[in-house]
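Features as listed in TrEMBL:
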type: BINDING; residues: G102, A103, F134, D219, E220, V221, Q222, T276; note: pyridoxal 5'-phosphate binding site
type: BINDING; residues: R137; note: N(2)-acetyl-L-ornithine binding site
type: MOD_RES; residues: K248; note: N6-(pyridoxal phosphate)lysine
Amino acid sequence: MNFNEYPVESLMFITNRPEIVFTHGKGSWLYDNTGKRYLDFIQGWAVNSLGHCNDGMIEAMDRQARTLINPSPAFYNAPMAQLAGLLTQHSVFDKVFFANSGAEANEGAIKLSRKWGKKFKGGAYEIITFDHSFHGRTLATMSASGKAGWDTIYAPQVPGFPKAELNDIASVERLITDKTVGVMLEPIQGEGGVIPATREFMQQLRALTKKHNLLLIVDEVQSGCGRAGTLFAYELSGVEPDIMTLGKGIGGGVPLAALLAKAEIACFEPGDQGGTYNGNPLMTAVGYSVISQMTAPGFLEGVRERGEYLKSHLLQLSEERGFKGERGEGLLRALLLDSDNGAQIVEKARLMGPDGLLLNAARPNLLRFMPALNVTKDEIDQMMAMLRTVLDSL
Ligand SMILES: *Cc1c(COP(=O)(O)O)cnc(C)c1O
């Protein structure tokens, strides 16, 4: 199929896309309209946690599509309850609200915090967030994000999100006033360049928020659902947050997200929160398949093992080429380059042949790796070989 046969000009322009159309995928491989295949270390932006077209997900989607697609959010359905039960069983949270995107789950976390502040903390509503953080693309979540330039694109912003510095507890403490209701952070900043909050910082944050009766909110849209080698990244620091949001990997590629809270925080009243598609059985049935596969014996051990494998290979490459090392947790990792040529490497890797390689440069001076959680060591070896070929060609 020729690219010109696709009416892509009918799509609203939002970003520059290469002149290829992806047609199908399986596991770690994605195929385009010319038949070329690509080893995929982007995976829908850390979304396809079980790779492309996972058999268990297909089976769950097919079965649910033939059973019940949507009875309305005003009624219970079986998959929504089953997935909520699975999530509370495997986390420190008691209550779950399903959403359709990470941004929407974060909006829910912000609303729940403001509601809690109104009810229990004298109307406090400010949520301290962090420089370089990313929480989504709605007006409130853009305002919560610490991405450069986002304060002006759609000004005026939603007020109430003062910014602190990640891993600097004094910068958080300085911002606390009687208006503060909580602190929200990504346990590993994803879009910011794969920057983990340290274990020490997470523990300091928990102590500080307890002391001031503030909510600790973790945005695990990217770091959660097995990505960090544990089911949730907060487990790595040994703290118990009050609120958590999930997105991306929870649906394994389909639009599904979740807002989780401790029972005593979950204070919505009828009419406060909702949404037409929220908790629909088609998506929650897929989510149930995804989380069931992730919590099966041995799965997360495998993620940790392959995370270590990828880490050691990236470190070796870094040493070989005089790069600046690597960082991350589990299968969310970044290779720190010695110049701002990330975008050039990404482009060359996609264009190389016969097979291409899909990578992401979250920042100009680094490459981010977010393969399927069931990627094989052999595929990691193939990726490293392809990356070396690209680096040699620069
Ligand atoms: C991707 C992401 C979001 C936004 O999720 P969408 O599904 O794109 O709305 C929010 N927070 C983090 C940490 C993310 O990585």
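Backbone N, Cα and C define each Cβ position, glycine as well.
Projection of TrEMBL feature records onto the structure.
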{"residue": "G102", "record": "pyridoxal 5'-phosphate binding site", "contacts (Cβ under 8 Å, 6+ apart)": "H135, G136, D219, V221, Q222, T245, L246, G247, K248, A257"}
{"residue": "A103", "record": "pyridoxal 5'-phosphate binding site", "contacts (Cβ under 8 Å, 6+ apart)": "H135, G136, R137, T138, T141, G247"}
{"residue": "F134", "record": "pyridoxal 5'-phosphate binding site", "contacts (Cβ under 8 Å, 6+ apart)": "S145, G146, K147, E186, Q189, G190, E191, G192"}
{"residue": "E220", "record": "pyridoxal 5'-phosphate binding site", "contacts (Cβ under 8 Å, 6+ apart)": "E186, P187, F232, A233, Y234, M244, T245, L246"}
{"residue": "T276", "record": "pyridoxal 5'-phosphate binding site", "contacts (Cβ under 8 Å, 6+ apart)": "P73"}
Subject >> Three-class DSSP secondary structure - R137 (N(2)-acetyl-L-ornithine binding site) >> reply: coil
Subject >> Mapped DSSP class for D219 (pyridoxal 5'-phosphate binding site), helix or strand or coil >> reply: strand
Original post:
Near R137 (N(2)-acetyl-L-ornithine binding site), how many other Cβ atoms are within 10 Å of its Cβ?
Top reply: 13
Original post:
Other than its own, how many Cβ atoms are within 10 Å of the Cβ belonging to D219 (pyridoxal 5'-phosphate binding site)?
Top reply: 30
Original post:
Under a threshold of 6 Å between Cβ and any atom of ligand 1, which of the binding-site residues D219, V221, T276 are retained?
Top reply: D219, V221
